[in-house]
Each structure stands twice: as structure tokens, then as C-alpha cells.
Amino acid sequence: WRDLGPLPGTKLRHTLWSKGKLLVNMNTNEPLRPSDVAVGSLTFAMPEGLEEHDEDFQNEIAKAALMIIRLEPDSIKDKRELEWSHEGIVAYSKICTHVGCPISLYEQQTHHALCPCHQSTFDLADGARVIFGPAGHALPQLRIGVNDEGYLEALGDFEEPVGPAYWERG
């Protein structure tokens, strides 16, 4: 059984990330270079071209916000995570997979990110898998690289929906 209203299509599934889209620091509004991300630091990023005065800003930032963390490459346990990173810099959705709260707490020594709403904890050195709390699955990772000018860029969109579970996730 389902509601007879229109299906959302791919609107819930896709974000503004696409191949070549620059990662922009949310605090400075400047494109990020690998040298801007120190080992053990947490930086928040958004796609280039997303402006606060845009009509759909809140909707788009809720799906596209990233946590950028630089880990020592030998501390990354998940093979895909390492392949999708650049020199140990990983990009994960900032949106908790439990109820969609923004994750903002990071513990350098353990590489754990904590959602302040219900304490779901994710191991960012192991594919952002859930290690504690009510979140049902890992944070989606965005594949990143560096363009010819030396800026961090997306190599596509997330390969799975961002945020909490919804009708399409199975």
C-alpha cells in the first residue's frame, strides 16, 4: 500500500554534488586545497555555487553538507574509504543517518564522530560505520580528488541516499 500522491522520483536521492564540483569551506566560503586540511582536523564543506540567499538553500545544504577529515592513510581500515580519499582526506555526509541531525563533534584520537541529538557514533577510520547509538547505517562517503588547480573536488554524487532511512532504502 502506498499514498496515491506523486512519487518523489530521484529528488530525495540526489544532491548538488557532481563530478568536478569544488568543496567549499562553509566558514570561509573558499574552495579547499589539501593543505587546508590538517591531520586530525574537522572541516565542514558544501558544494561550490550554493548561496545562502538561494530559494532552496536549506533543502540543498541539508543533503549536501560534508565533514572533511584528514586521517593518516595507514589508520584507514576500510579499503573503499582509502580509495575514495585523497592523501587521507575523507569526505562524509554531515547528516546523521538516524533522524537527520547535523553531526558536529569529532574525537581526534579515536576518529569517532558523534551526533549530538541521540549520540550515534561513527568510526570515520572504518567507513563511518555505526559503533554506538540508534543510527541504522554508516554515513555516506563522497568520492573526492584534486583538480588541475590543486583544489579538492567531488568525483560524483553520493552513491547512496543521505540522511535517515526513507522509502527507497531497502
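Glycine is treated like the rest: Cβ placed from N, Cα and C.
Note that the structure is a prediction, hence the values are computed from the model and not measured.
Look at the domain 'Rieske' (63-153): DSSP puts its residues at 10 helix, 33 strand, 48 coil. Residues annotated as domain 'Rieske' in Swiss-Prot: 63-153.
For Cys96 ([2Fe-2S] cluster binding site), the same-chain residues 6+ apart in sequence whose C-beta sits under 8 angstroms from its C-beta are Pro102, Ile103, Cys115, Cys117, His118, Ser120, Ala135, Leu139, Gly163, Pro164. Annotation comment: Swiss-Prot describes Cys96, His98, Cys115, His118 as [2Fe-2S] cluster binding site, evidence class sequence analysis.
Counting Cβ atoms from all protein chains shown, Cys117 (disulfide bond) has 15 others lying within 10 Å of its own Cβ. As annotated by Swiss-Prot, disulfide bond applies to Cys101-Cys117.
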Here the binding-site residues are His98, His118; which one has the lowest number of other Cβ atoms no more than 10 Å from its Cβ?
His118
Just name the most isolated of the recorded positions Cys101, Cys115, going by other Cβ atoms within 10 Å of its Cβ.
Cys101
Which residues, in sequence order, are found in the same chain with Cβ within 8 Å of the centroid defined by the Cβ atoms of Cys96, His98, Cys115, His118 at the [2Fe-2S] cluster site, excluding those residues themselves?
Thr97, Val99, Gly100, Cys101, Ile103, Cys117, Gln119, Ser120, Gly133, Pro134, Ala135
